[in-house]
Amino acid sequence: MRPDDANIAGNVHGGTILKMIEEAGAIISTRHCNSQSGEHCVAALARVERTDFLSPMCIGEVAHVSAEITYTSKHSVEVQVNVLSENILTGAKRVTNRATLWYVPLSLKNVDKVLEVPPIQYAWKELEEDGKKRYEEQKLERLVTKQRNGDIIFPVFNPEPYTVGYSQSSLIHLVGPSDCTLHGFVHGGVTMKLMDEVAGIVAARHCKTNIVTASVDAINFHEKIKKGCVITISGRMTFTSNKSMEIEVFVDADPFVDEPKERYRAVSAFFTYVSLSKEGKPVPVPQLVETEDEKRRFEDGKGRYLQTKAKRQVQIPHFPGLSMRMSCGIVSKV
């Protein structure tokens with residue numbers, strides 16, 4: 001990892017890692033969906049389940065990203081991705097990230113056409129049953145998330161410190177060719193990297209310390225973003241515990257060139273950050289000051305926080321014996 005991949009403390013940006021994770025998922029999904037004769041396609045990211053940042057990655061380390069397909073439905077692919085960091089001076093390796101992503105295959109001839117996914121062979125029946133359960137759960141969650149996507153983040157003038165308006169932030173980006181897939185739509189990894197940048201600014205404004213990404217709750221990709229669109233990435237604080245902050249991030253797209261379509265909500269997610277001292281140790285986070293409307297979002301965030309704490313007690317499962325695996329290494333100078 002190079003200096004331009006990292007923050008001022010020398011830790012690799014969470015958005016950089018998210019982009020690597022998405023690239024690995026897109027490659028293996030596209031390979032699998034084109035493994036049988038038929039219409040060619042490119043796998044598009046539909047959803048990222050919770051992503052945990054287990055250990056920080058530093059400048060000079062080598063990132064090893066591995067991905068495997070763990071479930072296929074008729075029109076979607078579930079991919080598990082692990083990221084390991086290697087110190088090439090000592091040879092020591094450690095797991096830094098785990099994530100689950102869902103992709104759908106889109107025809108190269110017609111971007112609105114979703115193709116069928118070739119099935120995979122499971123080592124035993126229970127793996128398929130567990131995968132189907134996860135598939136149904138994420139479908140329901142996507143529906144619930146889309147129903148609450150009417151929120152808009154408005155600017156606040158002369159906000160008080162530690163309020164939502166004090167730390168909220170927005171970024172405007174014109175989607176260019178280098179941001180896009182073969183279809184001319186934005187890579188999921190590019191979008192996630194921009195979202196992490198905005199969420200990181202919100203967290204840093206709130207606590208005035210070095211911050212790092214701790215986890216990302218489900219990222220839902222509701223609609224595609226086309227080349228030439230202007231996207232607005234907006235973030236606001238929703239919850240603070242003693243040592244962590246939850247930031248809600250929206251991506252809204254404005255078709256810019258020869259498009260009659262109105263502005264629409266394209267992506268939504270929740271990011272969690274922790275505050276660190278100069279020595280890299282967790283430090284307390286200033287508590288959020290809320291208005292009446294913001295208290296509802298705070299209670300929702302508290303519920304997600306408590307659910308996450310409970311899930312951490314359960315070891316993240318590995319899915320052996322499945323049909324495809326892909327790995328790639330990103331090598332940098334020390």
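One-based numbering along the chain as shown.
Note: Cβ is positioned from N, Cα and C throughout, glycine not excepted.
Look at TrEMBL and you will find 1-109 (among others) tagged as domain 'HotDog ACOT-type'. Taken residue by residue, the domain 'HotDog ACOT-type' (1-109) breaks down under DSSP into 23 helix, 51 strand, 35 coil.
For Asn7 (active site), the count of additional Cβ atoms within 10 Å of its Cβ stands at 17 [all protein chains shown]. Feature annotation from TrEMBL assigns active site to Asn7 (among others).
Annotated domain 'HotDog ACOT-type' per TrEMBL: 165-279 (among others), in sequence order.
The active site feature in TrEMBL is assigned to Asp196 (among others). A sphere of 10 angstroms centred on the C-beta of Asp196 (active site) encloses 26 other C-beta atoms.
Note: the CA-CA distance between Asn7 (active site) and Asp196 (active site) rounds to 12 Å. Averaged over the domain 'HotDog ACOT-type' (165-279), the predicted model reaches a pLDDT of 92.
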